[in-house]
Amino acid sequence: MVSLRYHPSWFSVAPMMDWTDNHFRTLARLISKHAWLYTEMIAAETIVFQKGDLNRFLAYGPEQHPIVLQIGGSNLDNLAKATQLADPYGYDEINFNCGCPSPRVAGHGCFGVRLMLDPKFVAEAMSVIAANTDVPVSVKCRIGVDDHDSYYELCDFIYKVSSQSPTRHFIIHSRKALLNGLTPAENRKIPPLKYEYYYALLRDFPDLQFTINGGIQTIDEIMKSWFMEISLRPHQVNAARTEGAHGVMLGRAAYSNPWQTLGHVDSLVYGAPRSDLTRRQVLEQYQIYGDSVLGKYGQKPSVRDVVKPLLGLFHSEPGNALWKRNVDSAFQHCTTIKSLLEETLVAIPDFVLDSPVGVAPSGCTEAFANSKSLLPPPYITTEKEIMYA
């Protein structure tokens, strides 16, 4: 399998619509060599009906490995066809979206998180996807939907999907989704986080792999999520990983502050030597990439499209606000990434541009501290046998 050439998916960047495009993934890979990257969710129907223009949706640079394609859909034939069409692009894993609460997806589209209410279909979908690719498959889901939010209902979903399909990896967003009355943004904040459900899944399904997602903002919190159950120090995280989270997925924190999140992944998560890479060097490499792809598909991508992922690179640094204002003005007349950066980077002090990543920012780890004491009762084997006899 392709993924065996890379480090395990201990850290990954979540799939985010309109965010984790080729441009962001290129930037992310310049900063971290080992983080697992996900595409935006691509509907199976998009792949099937745009098969004459697949590169626009599925192509990526080889440096982006390890990379996961996330697809969504509720039609088994289209999921099969989409997987067949995507397979030659060499993704390292294919992930099925069972977590998106957007009305366009879970409402009119009848997929995303709504599929958690139909684990039998999800198992069929995962079997169809796996039958049309040689790479691993996984599911990204919430811990529940609306009033279907008990731990046992979550276990029923995990058990049925894993026992009736080749799925062995689940990414768990530790909030439920409310389909009526909340926007997608509110669904990322208002339903309470229940990390105890995640840790209970590790206990009750020891043969499966689980990645934790939702509410985690910093590397500090990632470390805590790994060794929260045993008294170990951070440098012992490799031993603790077998007792804590199998993997951690960050979303908007990695996009809005890539330097301070992704910049620590290789050394603190994967044990690589600390890098002396600077933001100036990242920008020099990104500029070459950016100018090479401008207008590749007619008028797209534009300078604005390519520069968008850079807007978080100087998060909280001196000169950041002025730089963003300068960039906004430069969009009106700059026709290359090189000219835009040359015009605007004067706002950023040299010591910011030329310093390697500093000390990892601390985070709020209290959310993990009580998870062990809040674990729900075990999901008993005999109850599984009765339910699925």
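Glycine is treated like the rest: Cβ placed from N, Cα and C.
What TrEMBL records for C100 is active site, proton donor. Annotated FMN binding site per TrEMBL: P15, M16, M17, Q70, K140, H173, N213, G214, G215, G251, R252, in sequence order. The domain 'DUS-like FMN-binding' annotation in TrEMBL covers 13-340.
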Cβ contacts of M17 (FMN binding site) (under 8 Å, same chain, 6 or more positions away): E40, M41, C100, S102
Surrounding CB atoms that lie within 10 Å of the CB of R252 (FMN binding site), all protein chains: 15
Cβ neighbour count (within 10 Å, all chains shown) around P15 (FMN binding site): 26
For N213 (FMN binding site), the number of other Cβ atoms found within 10 Å of its own Cβ: 24
CB within-chain contacts under 8 A for K140 (FMN binding site), separation at least 6: P15, Q70, N95, F96, N97, C98, G99, F170, I171, H173, N213
Local confidence of the domain 'DUS-like FMN-binding' (13-340) - pLDDT mean: 90
Maximum Cα-Cα separation (Å), residues P15, M16, M17, Q70, K140, H173, N213, G214, G215, G251, R252 listed as binding FMN: 21
All-chain count of other Cβ atoms within 10 Å of G215 (FMN binding site): 19
